[in-house]
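Copied from TrEMBL, the annotated features are:
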DNA_BIND  A:16-55  DNA-binding region
BINDING   A:90, A:91, A:92, A:93, A:94, A:95  NAD(+) binding site
DOMAIN    A:80-180  domain 'CoA-binding'
């Protein structure tokens with residue numbers, strides 16, 4: 001069955017559900033209601049039911065969702081059940097933190113190549129991945145079938161790196177640089193922002 | 001006028017609006033409609049109007065919102081218009097990246113103290129802030145009137161650090177460690193996750 005076209009808002013909520021479901025699974029909790037999910041995630045339970053109903057009827061009235069089944073199903077929907085190679089450009093502090101974090105998760109989405117433009121970084125290793133010169137990006141993307149790029153370079157370099165990623169055939173970009181980036185329509189771009197969570201905290205502080 | 005009690009979901013959306021409004025302001029765009037905001041942020045314009053209407057009537061029919069006024073108003077609502085001191089525990093790669101990022105923003109929320117437990121980190125500087133031993137947390141929180149704590153230590157250490165922050169009188173915690181943390185009800189906790197954006201990217205890749 002072909003999945004219908006789903007709004008980006010729904011797709012962005014699925015990893016949030018997934019994270020909490022994985023936590024429940026670790027706690028040996030086997031079923032969860034949309035009400036529980038809604039309370040924990042501070043979302044409308046009806047919205048959650050609607051989001052999940054796009055992909056079939058998973059929940060059972062009065063019982064809820066089977067945690068393990070829903071984890072597998074969301075991974076399948078997000079296509080996290082297949083190997084997906086990621087390249088990261090910018091082996092600074094944030095790039096290193098992301099690479100280390102990724103190394104310890106057992107997801108199939110893996111950072112397989114890391115690039116930088118600083119000569120002193122080239123050849124050093126983050127985990128088991130050797131930092132390559134940025135000039136090798138295109139070649140490595142092809143050889144290793146890299147589909148996703150993460151940008152953790154300074155703002156001034158970020159657009160240039162994005163252009164190189166697009167040129168090399170990368171299909172999706174996660175950008176951490178605080179700029180408004182331009183990419184062609186066939187490339188999917190997401191901007192990550194470390195400051196929004198911090199800003200919403202201020203409201204609650206006496 | 002006392003602000004009415006606002007749902008957490010609304011408070012978490014305000015920084016997202018703020019980020020885009022600041023971008024518009026940098027581009028010298030002076031007004032924006034809820035439709036424009038909705039299209040760019042992939043949200044329902046009616047939801048945006050409703051969120052902003054909690055705080056008064058900012059928008060004008062057929063004209064939209066005044067960008068500069070709305071920025072000032074959201075900062076005021078989120079209490080970002082006053083000085084707010086932040087302490088960070090965990091001077092590793094992510095902690096260093098966050099500290100450096102915070103240093104270059106002109107927000108009034110500032111990381112004024114950094115702590116670590118590794119002897120080789122103590123006394124080193126990130127920007128202008130010297131890394132202190134974790135034992136000095138309580139004293140510094142009091143002396144510098146720190147209200148918010150950021151946790152960027154490994155998962156195994158994170159709960160202990162949170163307990164120390166609570167004990168020291170910190171009111172809000174932003175946790176980057178991938179654990180489910182417990183804090184008392186009077187402390188406001190947010191968990192940041194670097195992986196959700198990456199996971200939603202997978203869906204869009206061929």
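In case you wondered, yes, glycine gets a Cβ from its N, Cα and C as well.
DSSP places the residues of the domain 'CoA-binding' (A:80-180) in helix, strand and coil in these numbers: 36 helix, 31 strand, 34 coil. Closeness to chain B is evaluated for the binding-site residues A:90, A:91, A:92, A:93, A:94 by Cβ distance, with values under 8 Å counted; counted residues in sequence order are A:92, A:93, A:94.
The Cβ neighbour count for residue A:94 (NAD(+) binding site), using a 10 Å radius and every protein chain shown, is 25.
The Cβ of residue A:95 (NAD(+) binding site) has A:88, A:89, A:114, A:116, A:126, A:150, A:152 as same-chain neighbours under 8 Å, each 6 or more residues away in sequence. The number of other CB atoms found within 10 A of the CB of residue A:92 (NAD(+) binding site), across every protein chain shown, is 17. Of the listed binding-site residues, namely A:90, A:91, A:93, the sparsest CB environment within 10 A is found at A:93.
For the DNA-binding region (A:16-55), the number of residues in each DSSP class (helix H, G, I; strand E, B; coil) is 28 helix, 2 strand, 10 coil. In the predicted model, residues of the domain 'CoA-binding' (A:80-180) average a pLDDT of 92.
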